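Notes for the one structure printed next.
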Amino acid sequence: MSSSAKLTVVEVRESLQRFGLADYIVFVASLLICVVIGVYFGWKDWSVQRKRKQNVRRGSAALNYLVGGRKMKIFPVAMSLIASFISGIAVMGASTETYLHGTQFCYVFTAIILMAVSMNFIFLPVYQGLEITSAYAYLQLRFDRRIRLLGSGLFTLATLLHLPIVIYVPALAFNQVSGVNVHIVSTSVCMVCIFYTLVGGIKAVVWTDVIQMFIMIGALILIVIKGTADIGGLGVLIERNMASGRIEAPNFNFDPTERHTIWAIFIGGGSFWMGKNAIHQMMIQRYLALPTFRDAQKALLCFTVGIILLLMTCFYNGLLIYATFHDCDPLTTGLAKAKDQLIPVLLMKVLGNYPGLAGLFISGIFSASLSSLSTGLNSLSAIVLEDFVKPFVRKPLSERSTRYIMRGTVLGFGIVAVALVLVVEKLGTVLQLSMSLVPISLGPLLGLFLLGMLLPWVDASSAFGGALCGLLTMSYIVIRAQIAVAAREMPIPAKPVSVEGCEYEFELPPGYNTSTALPTPPVEKSIHHVSYLYYTFIGAATTVLIGSISAAILRRQQPSKLDPLLVAPFVRKIYFPQSIPRTVVTTHTFDNKEDTALYLTCLLINEYAARRNYVALTHAQPPTGTRG
């Protein structure tokens, strides 16, 4: 570091900011494509509604806007699910996690499989059987409107905590490769999203997501191939990461305060992903856009396989970052200003000399976040209108008032999200942050749905009390843990790094020791020291435990009086073996196929009518103290 011929870290950082004209063109073009698709589908739906205004079925506009008329195709919906679920948080956060702490988190595929199994056997059959559009409409059908308002409120809180992180991630990446201020970028993204949200629909969101996924996957594959070749091949990558201890076997320790164990990942992570996929309006809305339950199952399978492959690619990139910078840590030298800028540093080192490729990758991260942000703002506007405004107005809202409320909600929440970015950037890495703050509301909300679908004897009051207990418990644990993290009371051990091979000048951070790790003083463990992966599980378990115990003591709900369609299929078989009427099939002889088809059609109609009559009678005469 003493040689005057060496470049400074500032000069090296500026040399990596080779975001040229071709990159800007690719970046702007990708965003314009997303906007054009949104405008196209918005105009197309408006034109169809205008032509059919006299004969259109009541409510078909909302049905078409929210779930595409339930006529979407499996492949684009599956791609849209992956794009919305992965966003820029996982792309950058998973790589950062692997670089800093090793491959322990890569065993998250076990949690994703747990989520897929629960979706297939518990949640999807109920949603598809009820043919609802909003996930939180289920809570009103199963319990009462008070629980629906609680669920909608928890969703609003979870989304507000999530949106600033969604904005912050692509802004960090863009800042690293171009030098543009983070807050200028985040504000610009929100402006684009606000416009896109006002004119788009589910069709626009889904098909935009398809394009975004191809952009992201293509960019990730380019980095993997070119970056691996640059360091000398896969063998070099494995050797360097094994030497640093980053490639490691599953940790089977039962200590709940240890950050990553296989139990925390499977149980806690599985609960988190279950909440993010099974009860989240943005995800459920896409499943309900498919015509049949079988199609939803196929989309779920494609989503599960796709999300695992994509996350494993992100984990590989984390190993690639270390193999590339194994003797010159970018964080220690200041080449990367923040932990979540590591992947952009690798991007510019590997692909920066190829015009347009850096712009392609950044546009992929931006596009994924744009999808999550626009869908989140759209969902929030619908929740505010349907659950927080309409029930409390004396006369029906006019079309003009409705438009103002929805647009004002999008604008207001967009401004709040931008303001909260100032808080997010002070709280640590985005992956842990997103899995720490969101469970405050996600855990109790998951508990409500589990109470409804698995425990038919639980009534609305017991569920409400359980959810409040879960919310208070999680608020204390998460907020207390974040205060401890900010005060450096909960240090997270990181894997070793080196700066011995750096070829540029830099200043070491104050107190940095290159030879030995400083001993950490023993800390007295408390409830808030539990692994952040358990947060959603604790919130859900508290809700289910308090709610079920309260219901068992008070005995307010009779399971036999409940609509069987509101519980999971395997619960129906236990509690309602004879509850759904079945048509007695007799043998007939027909002369042609048309008569046979006519008979089968009538049979299905009769059975459907019998089921609906049963449900109507059940809802019309609820038992005392229950919803019915």
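Backbone N, Cα and C define each Cβ position, glycine as well.
The shown structure was predicted, so the numbers you read here are calculated from the model rather than taken from an experiment.
Feature annotation from TrEMBL assigns transmembrane segment to 24-43 (among others).
Annotation comment: TrEMBL describes 74-95 (among others) as transmembrane segment.
Marked as transmembrane segment by TrEMBL: 107-127 (among others).
Sequence annotations record features per position, and here TrEMBL assigns transmembrane segment to 147-174 (among others). With a cut-off of 8 Å between Cβ atoms, the residues of this chain six or more beyond the transmembrane segment (147-174) that come close are 87-89, 91-93, 136-137, 139-140, 180, 182-183, 185-186, 189-190, 280-281, 338, 340-341, 343-344, 362, 365-366, 369, 372-373, 376-377, 379-380, 383-384, 387-388, 413, 416-418, 420-421, 423-425, 430, 433-434, 437-438, 440-442, 444-445, 448, 460, 463-464, 467, 471.
Taken from TrEMBL, the feature transmembrane segment covers 180-199 (among others). Cβ atoms under 8 Å from those of the transmembrane segment (180-199) belong to residues 31, 34-35, 38-39, 42-43, 167-168, 170-172, 174, 366, 369-370, 373-374, 377-378, 381, 407, 410-411, 414-415, 417-418, 421-422, 425 of the same chain, restricted to positions at least 6 beyond its ends.
TrEMBL lists 206-225 (among others) with the feature transmembrane segment.
Taken from TrEMBL, the feature transmembrane segment covers 260-279 (among others).
Taken from TrEMBL, the feature transmembrane segment applies to 300-325 (among others).
Per TrEMBL, the feature transmembrane segment maps to 404-424 (among others).
The annotation transmembrane segment is assigned in TrEMBL to 430-451 (among others).
Residues or ranges marked as transmembrane segment by TrEMBL: 463-483 (among others).
Residues annotated as transmembrane segment in TrEMBL: 532-554 (among others).
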The transmembrane segment (260-279) touching the transmembrane segment (206-225) per 3+ Cβ pairs under 8 Å rule: no
Touch test for the transmembrane segment (463-483) and the transmembrane segment (404-424), at least 3 Cβ pairs under 8 Å: no
